[in-house]
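Contents: one structure, followed by commentary.
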Amino acid sequence: MASSSGNDDDLTIPRAAINKMIKETLPNVRVANDARELVVNCCTEFIHLISSEANEICNKSEKKTISPEHVINALESLGFASYITEVKDVLQECKTVALKRRKASSRLENLGIPEEELLRQQQELFAKARQQQAELAQQEWLQMQQAAQQAQLAAASVSAGQQAGSSQDEDDEDDM
């Protein structure tokens, strides 16, 4: 699919991926660089052909997203029905791998600790947090009580001091 448009170069399969597939498929065969380039272009053209046909099928069924069924129908309508069994097998394998990934990405699964044990640990942490909160509240209450007592004592000593000062003023006046 040699085209003068620069955008077509952006829409090719990475050469490294194709080289890896060729090496895995034909480990003891040397493949010339132009043959590799031809395989890349054929793969790209095949993908464009299938995706265009799948898009048309999708549009005819008034859907906005191409589904695997659209791709399978595209293969059949383009004369590639012999690939459908293998495509369905690969689709099932992809679904299985995706499901395993979703399960593996779950934090609970990665911990390897049963859910019941995690729940027990969580309850213990909540109980400790409640205990700490109660202790803090108790300390704050005691501090408030002490501050109130000190304020009462200070007020009493100021009052006593004022009374003592006023009675001494009276004594001073009597001396005159």
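Cβ atoms here come from the backbone N, Cα and C positions, even for glycine.
Between the stretches 105-128, 153-176, TrEMBL puts its region 'Disordered' entry on 153-176. Broken down by DSSP into helix, strand and coil, the domain 'Transcription factor CBF/NF-Y/archaeal histone' (12-75) contains 47 helix, 0 strand, 17 coil.
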